[in-house]
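Annotation comment: TrEMBL describes 84-103, 148-167 as region 'Disordered'. Marked as transmembrane segment by TrEMBL: 205-226, 246-265, 286-305, 311-329, 350-367, 373-391, 403-422, 434-453, 460-479, 491-517.
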Amino acid sequence: MDRGENQVSIELQESVEVEPVPALFKLITSNSVADFDSIIPESLTCQPNGHQRKLSISISMPSSPTGASSAGSKNVLDVEGIGKGFQDSKAPSKAKPKGVKFLSQPMPKGSAFGEAANINQHPNIKKLKDKRFNSFKTWSGKLERQITNLRGGQSESESEEGSAHNSDRALPVDRYFDALEGPELETLRASEEIVLPNDKTWPFLLRYPISSFGICLGVSSQAVMWKALATATSTKFLHISLTVNLILWWISIALVAAVSSIYLTKVVLYFEAVRREYYHPIRVNFFFAPWISLLFLALGLPHSVSTTLPVALWYVLMTPFLFLELKIYGQWMSGGQRRLSKVANPTNHLSVVGNFVGALLGASMGLKEGPIFFFAVGLAHYTVLFVTLYQRLPTNETLPKDLHPVFFLFVAAPSVASMAWANIQGSFDYGSRIAYFIALFLYFSLAVRVNFFRGFKFSLAWWAYTFPMTGAAIATMRYSSAVTNVVTQTLSVILSVVATLTVAALLVTTILHAFVLRDLFPNDIAIAISDRKPKPQNKWLNLIRHGSSEHDIETFLKFANSDSKEIEAALKIPTAEATCV
């Protein structure tokens, strides 16, 4: 036989290895991958003892397909028993390959290399690569798409996010009313879909609402109350130290700084979510809360820190109120979907009470015209809001039990108004007493309703109890200083104790739910609504197509507002017999 020709030489082996087997091939058994490196003759599969013998065949792989039968290569086969002869293979062309091509082989399941191929299936990796939140991100959303378009490319998630919603424009107010329901517009309608995944917990900043500033209102107002307890003439017998005011004031400073920092981070990273909260017809009222908290910090300033405040500080703090009120009060009056009769809610008191708190601070600093201006604006709109909320239309929904605490916001405005007018006028005269008596009556009319305090789950709405209770306690101390007797002094102590215990209990409960149970901030469905209306569906056709019972169809016909032609057209549905040819 000529050595220049390509031949297949076969060498028989029983126990001696000709070439060392690589470590990778040692992991691969002959039956791990189908049709890989194994030949099992039919005559050798069945044994007398009922067992099957496994035949291992080692084939040296050439560097290229054309070199499979070259002169220097040989294939080594280990076969037990030779039954028949072998036929010589035809010699291929002697042309050398232009390039070297390596063919990959299938990897067995369960190997270390096979597991590396499925690394993208890990849940943590998928969570990091989840792009469904990019439309709400400031930097990964609109800015990233603009940079990609400038480079001449197309964003990977452009088609997905474009079909969900257009984040370049603000949602109109009618979309909130169409997509959400309930007095607070927090519940998604059954016909709507959200643009964020509802099957997982969203990032923390997306779940962090503007209503978190209600915690700052409750704690910072406590610093003002304990300052009044230590300085009021009617409570001198308690011998309250100003140290309590100092401690609470610093706690309030830290809390306001923490809550503000978190929300400012949300403004930077998830601006679309903040913009949707601002255009929400109910939640926009909470944008007054950060500035009211700063006013309380100024009012509760301890004497050990400073005895006077610069007048310019009052103008700086009241400027945001002026711009927000020009926007909201104008919408209440101008009509449309944002008119007051459409969006009236107890949380609207937050947009009014800031006028009285600002007037109280300005009058305590010696100002006159500015405090009177804001007091007059607040009084006019509080009167309109009070009447609107009292005579709710029959079509308005009643507040669910979870929102009962916001009813106490009725007490906040007249309580602070009585103190503001007393500072403007210089004494707790009849005008201040009228406002105080209104607040006191509303306080007790709500306190005697036991059902308002039970039967609902804890949420951030519970902090609506704290600020009005504390305001009523401070107003009672001011009234007790003007009319000093045992009744007014006792009432001051009782209301102060109730307000303090309420704030302490809510603070502990909030920490428990935030850091232990971790259910304080659920997914904020109200900001994840789509900007497109769902396609209208024919309920009559859906009833027939889904095979509803005769009772369901009769019930629908009884209450449906469809024309007879529409019902007749819906009945003409092609059956299987009619469509068969």
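Cβ atoms are placed via backbone N, Cα and C, with glycine included.
Whatever TrEMBL says is automated annotation, not expert-curated.
Here the transmembrane segment (491-517) does not lie next to the transmembrane segment (434-453) in space: the count of CB pairs under 8 Å, restricted to residues six or more apart, is fewer than 3. When each of the listed stretches 205-226, 286-305, 434-453, 460-479 is scored by C-beta pairs under 8 angstroms to the transmembrane segment (311-329), 286-305 comes out highest. Listed stretches 205-226, 246-265, 350-367 were compared with the transmembrane segment (286-305); the greatest number of C-beta pairs under 8 angstroms is found for 205-226. Looking at 350-367, 403-422, 434-453, the range that has the most CB pairs within less than 8 A of the transmembrane segment (460-479) turns out to be 403-422. Proximity of distant same-chain residues to the transmembrane segment (434-453), defined by a Cβ-Cβ separation under 8 Å and at least 6 residues beyond the stretch ends, is recorded for 404-405, 407-408, 410-411, 413-415, 417-418, 421, 428, 468-469, 471-472, 475-476, 478-479. Listed as Cβ neighbours of the transmembrane segment (350-367) (distance under 8 Å, sequence separation of 6 or more from its ends, same chain) are residues 285-286, 288-289, 291-292, 295-296, 298-299, 309, 311, 314, 317-318, 321, 324-325, 328-329, 374-375, 377-379, 381-382, 385, 409, 412-413, 416-417, 419-421, 423-424.
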